[in-house]
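So that you can see what the record holds, here are the features copied from TrEMBL:
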TRANSMEM  43-69  transmembrane segment
DOMAIN    190-399  domain 'Glycosyltransferase 2-like'
TRANSMEM  356-387  transmembrane segment
TRANSMEM  399-426  transmembrane segment
TRANSMEM  481-501  transmembrane segment
TRANSMEM  507-527  transmembrane segment
Amino acid sequence: MDSVSSTGFLPESFAGSGDDLAGQLSVAWGQLKAPFVVPFMRILMYICLAMSIMLFTEKVYMAMVTGFIKVTGRKTEKKYKWEPLKDDVELGHSAYPLVLVQVPMFNEKEVYQLSIGAACGLSWPSDRIVIQVLDDSTDPLVKGLVEMECQKWAAKGVNIHYQVRDNRNGYKAGALKEGLKHQYANECEYVAIFDADFQPEPDFLWRTIPFLHHNSELGLVQARWKFVNSDECLMTRMQEMSLDYHFKVEQESGSSTYAFFGFNGTAGVWRMAALNEAGGWKDRTTVEDMDLAVRAFLKGWQFLYIGSLKVKNELPSNFKALRYQQHRWSCGPANLFRKMVFEIIKNKKVPLRKRIYVIYSFFFVRKIVAHIVTFVFYCVVIPASVMVPEVEIPRWATIYIPTTITLLNAVGTPRSFHLVVFWILFENVMSLHRTKATFIGLFEAGRVNEWVVTEKTGDASKAKATSKQHKKSRFKIGERILLLEIGVGCFLVVCACYDLAFGKYRYFIYLYIQAIAFFIMGFGYVGTQVPNF
């Protein structure tokens, strides 16, 4: 019978073999660390430092532009001619341009009445506006409801057309493209587009069309989004902070410098001539709106963003819907960058500085670097550095730059400034999906053209009334347990424990908190729908 070791309750042979194994692993780690791990980590750190500086510079530049606009009051729309359109004594309503309003939808049972009602409620001479509902629904019940809603408005005298297809080729881009093939659509001078959950105010056309009518160089007028359910849960508040920054800073700075900003796919009005000259809608990526905007930009058309004009819409209120949306929004731009970068470089119609702005600032820094550096640096390099003390990360990279970037983002939504810590943790978790989607887009991997329509719940009051029902809904195991998030959370816990025991950087507080965020979202406890275990 083996004797018991003095250090535990295992036989000495067991204890000895355990010590031998630990020693072998330690030796193996030491042999790999110096020649391979340290150089790799150092290279990765330098890449992340370079990307951090790029992102920091871009954020500061945009903040300076928008700050200058705020202080001086020199809003972009003031640089363009705007006069209200009036009746002509001889021509009457014929003096007003013919406007097409497109409302694409897919199984939108919760919001179809809101969107169709808002589109039909737009104020414009009734004989100079055409409403087109593009219904790609596959649910016969929803299809019937949408058609009945269109018939109801038609009976009230609204010029509304209900259009369906026998396929979903091209998804939203395919539906919009098909809608423009009709004769009545070709007669229109401008086309306004609203996704199914968007509810424009009645005066929307009166505030946008005059800009296009009096400024022939303008091809697009884009409005801002206003979120009706931003207070529904903490997740919607986090989204509001990110999107407010996008509109207040990114879109505003791009518009005010006459450089470039992307079409948001909805709540905007296109000049039909600009849309056609750019080649119309294309379904080669999941960001057909950005694709069209870049092609129109390369043809020399200018865009105008009106921050004071807001259109109500809905934010995803469950994590599954948000993940699908963010995949599309991150994968699509990266894939479009891959497809169009050489076309942008070769273009001779647009000045060189504007082409550099689109390639470097708009695409490379904001759509690629921003996602990658957020995850790789803050969720991989910094945590791993506690085990590789030979790699010293500068304090300015771990404290000053992220603090400045965070504060610049938080300014976009002052009412949520007290939630900035939660926003950081949330954005770091989301960066995992965005980084993965970015690489899928760059390398055209399997899910590059995946299109899942974002789930809507309808108006905020209805969403609140059904929140209890949502919380009791059952999830499939693959939906309620997200292994990627849980895996990263475990990695962060290991790094935090090591740092607490042996490290010198004292990152463990951040690492533990960030790990908790990954676990919370990995087990689905975020949004209005949580798993019923």
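Along the chain as shown, residues are numbered 1 onward.
Yeah, the Cβs are placed from backbone N, Cα and C, and that goes for glycine too.
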Positions whose Cβ lies under 8 angstroms from the transmembrane segment (43-69), at least six residues beyond its ends: 75-76, 248-250, 252-253, 256-257, 361, 365-366, 369-370, 372-373, 376-377, 380-381, 385, 391, 393-394, 397, 401-402, 404-405, 408-409, 411
Non-local residues, at least 6 beyond the ends, that sit with Cβ under 8 Å of the transmembrane segment (399-426): 52-53, 55-56, 59-60, 63, 234-235, 237-238, 240-242, 244-245, 247-249, 378, 513-514, 517, 521
Long-range environment of the transmembrane segment (356-387) - Cβ separation under 8 angstroms, sequence gap at least 6: 41, 44-45, 48, 51-52, 54-55, 58, 61, 250, 254, 259-262, 294, 297, 330, 333-334, 336-337, 341, 344-345, 393, 397-398, 402, 427-428, 431-432, 434-435, 437-438, 442, 488, 491-492, 495-496, 498-499, 503, 505, 507-508, 511, 514
Arithmetic mean of per-residue pLDDT over the domain 'Glycosyltransferase 2-like' (190-399): 96
